[in-house]
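Per TrEMBL, the features are as follows:
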- 39-286: domain 'G-protein coupled receptors family 1 profile' (DOMAIN)
- 23-46: transmembrane segment (TRANSMEM)
- 58-76: transmembrane segment (TRANSMEM)
- 96-118: transmembrane segment (TRANSMEM)
- 138-161: transmembrane segment (TRANSMEM)
- 195-218: transmembrane segment (TRANSMEM)
- 238-257: transmembrane segment (TRANSMEM)
- 269-288: transmembrane segment (TRANSMEM)
């Protein structure tokens with residue numbers, strides 16, 4: 001029988017093995033991470049400080065900003081460490097923990113984006129009755145439902161992952177521990193894990209994306225008779241649709257795609273988009289043309 005060494009430590013190869021790129025990459029992603037933290041924390045402070053914008057839309061936006069801070073902190077600090085470290089290692093327990101929190105944050109954000117889509121649908125289609133279906137209790141239930149359901153999702157996935165064994169190969173060609181790559185390194189049968197990933201990915205990806213598109217395109221814009229009303233509705237929906245396409249689209253491509261015929265470099269770029277760039281862009285996209293946020297921001301900054 002062939003002897004196999006059990007692996008308890010992995011090597012993260014990062015974005016590039018070229019030593020000349022490590023410091024420039026470190027500086028670029030450090031700036032992105034700082035912008036992400038400052039932008040999202042500022043959004044939370046602004047919303048909390050101004051009672052005039054204590055509405056369901058900003059309640060969800062505040063939760064999204066908090067989620068983006070947590071989400072980006074799952075992968076970026078370890079990625080930054082890897083740019084400077086000679087030994088780019090991570091223990092198996094650390095890898096599993098990173099995957100757990102990553103799946104937890106991704107799924108919660110998808111459900112939260114769906115809740116925000118429903119909020120915009122009610123605000124545009126039923127403005128006079130808006131406060132009835134979108135009261136504080138309902139909003140709290142939506143947010144708690146998103147966090148709890150995806151905690152269970154990530155817990156189930158991680159439990160399956162702990163049953164796997166890893167032998168010989170320990171190089172992860174990525175800047176973080178991602179579930180598909182870890183499954184490729186396993187020396188035990190991963191069929192059950194792959195079915196869990198496929199089931200949850202299809203459910204989260206398709207159900208949430210269809211809910212968002214139906215809420216906006218079908219139920220909102222098409223049902224508005226006047227061209228002026230349609231233009232206003234589209235303007236309101238545009239920012240959210242951009243965020244959905246950037247986040248859900250790239251995450252879905254990353255996790256539900258064939259196991260062959262793809263480039264590792266493209267894979268890494270897709271991961272950078274939904275795990276690092278999207279949390280940075282969210283506060284900019286949602287607040288750039290938002291007059292209420294701008295006014296509240298001036299108050300907080302004392303201008």
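Including glycine, each Cβ sits where the backbone N, Cα and C put it.
Automated prediction, rather than curation, is the source of TrEMBL annotations.
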How does the model score the domain 'G-protein coupled receptors family 1 profile' (39-286) in terms of mean pLDDT?
79
Surrounding residues of the transmembrane segment (23-46) on its own chain - C-beta under 8 Å, 6+ positions past either end
14-16, 53, 61-62, 65-66, 68-69, 72, 76-77, 79-80, 83-84, 276-277, 279-280, 282-284, 286-287, 293, 296-297, 300
